[in-house]
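One structure is given below, encoded as C-alpha cells.
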Amino acid sequence: MTAGGLAPAPAWGVKFEAKITPIVILSCIMAATGGLMFGYDVGVSGGVTSMPAFLEKFFPEVYGKTQDPNLNSNYCKYDNQNLQLFTSSLYLAGLIATFFASWTTRRLGRKPTMLIAGFFFIVGVVLNAAAQDLAMLIIGRILLGCGVGFANQAVPLFLSEIAPTRIRGGLNILFQLNVTVGILFANLVNYGTAKIKGGWGWRLSLGLAGIPAVLLTGGALLVLETPNSLIERGSLDEGKSVLRKIRGTDNIEPEFLELVEASRMAKEVKHPFRNLLKMRNWPQLFITIALQIFQQFTGINAIMFYAPVLFDTVGFGNDAALYSAVIIGAVNVLSTCVSIYSVDKVGRRMLLLEAGVQMFFSQVVIAIILGIKVTDDSNDLHRGFGILVVVMVCTFVSAFAWSWGPLGWLIPSETFPMETRSAGQSVTVCVNLIFTFVMAQAFLSMLCTLKFGIFLFFSGWVLIMSIFVVFLLPETKNIPIEEMTDRVWKKHWFWKRFMDDDEEMPAI
C-alpha cells in the first residue's frame, strides 16, 4: 500500500495532470440534476399557490379572499401563515437536515449522502402529488427540505473534489445555472398545468419534481466515491485507484500525496467550528455571514417564490402571471450564463457593484409605478405600465443572476483556509437557509403591510450591501485558494489587523 510517508508531499498549488474523463462528465450531470431539483422546488411553489383548485382544497380561507368581490385588499388577499408555511417549511427542514448531512458526508461519504437526498426527494414528491390534506402536503414539503439539506451539503463538495482544478470554478457556477434552469422548467410546467380542466393540474406540477429526483438518485448510484472521501476515511488503495480512473492518467502520485497530506492536516484540527471562531478567521466568517444575509435581502427569493402571486396582485390575471414568471425564469438562466463568462474576467467586486446600481434603480421604479397606479382596492394598471413592471422585474433578476446569485456561494467557498473550509461551508448553508426561511415566511405579510413600499425596503438593503462591497469585500479573482490569506486578507486595509498570529483583540 502506498502511503504518504514514503515520499515528500508536493508543495501546495502544483498543477496536476488530469483529463476530462467520462466520470467527470457524469459529475456534471449530477450537478445538473441536483441543481434542477432545488430550482424546481423553488419555482413550483409560487405557481401552484396561485392555482384556484389548489387554494380551494388546502387553503379555503385564501381562496375565499381571492373570490370575494367585496374584499378591497389588493395586497392582503394572499396573506396567510399556513400558505407561507407551505413554501418556507422546505427551507426550515433543509436547515435542520444540514447538520445531519454534515455528519454523513464526513463519516459515510459523499455518495451515500447524495443517495439519502434522492430518497428524501422521491418520498416527498410522492406525498405532495398525492396529498389529501394540509398535513400530508406539509410533511411532503418537509421531506423535500431534508433532501435539499443533504444535497446542498454533498453535491457541491462532490463536484469540487471530482473535477480537475482548471474547470472547478466553472462547475461551481454551473450548479447555480442549473438551479435557474429548474426554476424556468417549473414555471413552464405551471403555465401548462394551470390550463388543465378538472382541478388536478397542481398535482402534475408537484409530481413532475420526481424526474430530477430520480435522475439524482440514479446518478448517485452510478458514480464513484471521491478519492478525498476515501482517503479521509482510511481507504488509501481504493482512493488511489479512483483517482487514477477520474483523472485518466497514471501520473497521479503528486496529487495523491497532496490528498494524503491534506487529510492528515485536516485530522489534526479536532474542533473546526471552534477554530473558526479564532480571530484570524473573523474576516472570512463575517464576509460569509454578510453575503448570505444580503443575498436574501435583495428580495430575489421573494420575487421568484411569489412571482405569479405578485403579478396577479398587480392585475395581470392568473395566466398572465404565470407567463410573466416564465419570462423571468428565462432571463434568470441567460443572465447566469453572463456570470459564468465574466466572473474571472471583470472580477467579483465589479459584478456586484454594477448589479447594485441596476437592482436599486429597478426596484425604485417598480415602487413608484405601483404606488401611483395600484391602490389597495384597485387593479387599475394600464397595459403599458404593466409591461414596464415586467421589464423592471427582469432588469432586477438579470442583475441578481450575474452577481449576488452565484457569487453569494462562490466567494465563501474561496475564502476559508483549509482547516476551517468544511466548517465555513456549513455556516454558509445554515445562514442562507435561515434567512431564506425568514424571507419566505414573512414576504406575503410584508406585502400586506408595506404594499408597494416593500420594493423600497429591498432597495434600501441593496444600497447598504453595495456600500459593504465598496469598503469591506476584497477581490478574489484569480487568487489561488491556498494563497488567499497572504495575498488578500493580510493586505486588505481593514481586515489585515485581524490576521496577526496572536489572538489579542485588534484596535478598530
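The backbone N, Cα and C atoms fix where each Cβ goes, and this holds for glycine too.
Curation plays no part in TrEMBL annotations; they are all automatic predictions.
Features as listed in TrEMBL:
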| type | residues | note |
| --- | --- | --- |
| TRANSMEM | 20-40 | transmembrane segment |
| DOMAIN | 27-477 | domain 'Major facilitator superfamily (MFS) profile' |
| TRANSMEM | 83-101 | transmembrane segment |
| TRANSMEM | 113-131 | transmembrane segment |
| TRANSMEM | 137-159 | transmembrane segment |
| TRANSMEM | 171-192 | transmembrane segment |
| TRANSMEM | 204-224 | transmembrane segment |
| TRANSMEM | 285-309 | transmembrane segment |
| TRANSMEM | 321-343 | transmembrane segment |
| TRANSMEM | 350-372 | transmembrane segment |
| TRANSMEM | 384-405 | transmembrane segment |
| TRANSMEM | 426-446 | transmembrane segment |
| TRANSMEM | 452-473 | transmembrane segment |
- Beyond a gap of at least 6 residues from its ends, the CB atoms lying under 8 Å from the transmembrane segment (350-372) belong to 298-299, 314, 339, 342-343, 385, 388-389, 392-393, 395-396, 398-400, 402-404, 407, 451-453, 455-456, 458-459, 462-463, 465-466, 469-470, 473
- Note on the structure: Among 204-224, 321-343, 384-405, 426-446, the most Cβ pairs under 8 Å with the transmembrane segment (171-192) come from 321-343
- Taken over the domain 'Major facilitator superfamily (MFS) profile' (27-477), the model's mean pLDDT: 82
- Cβ pairs under 8 Å between the transmembrane segment (137-159) and the transmembrane segment (384-405), at least three: no
- Message: Can you tell me which recorded stretch out of 204-224, 321-343, 426-446 has the most Cβ pairs within less than 8 Å of the transmembrane segment (384-405)?
- Response: 321-343
- Item | Cβ-Cβ under 8 Å with the transmembrane segment (204-224): same-chain residues at least 6 beyond its ends | 23, 26-27, 29-30, 33-34, 36-37, 40-41, 44, 47-48, 51, 111, 114-115, 117-119, 121-122, 125-126, 128-129, 131, 140, 144, 147, 151, 158, 162, 182, 186, 189-190, 193, 196, 242, 245-246
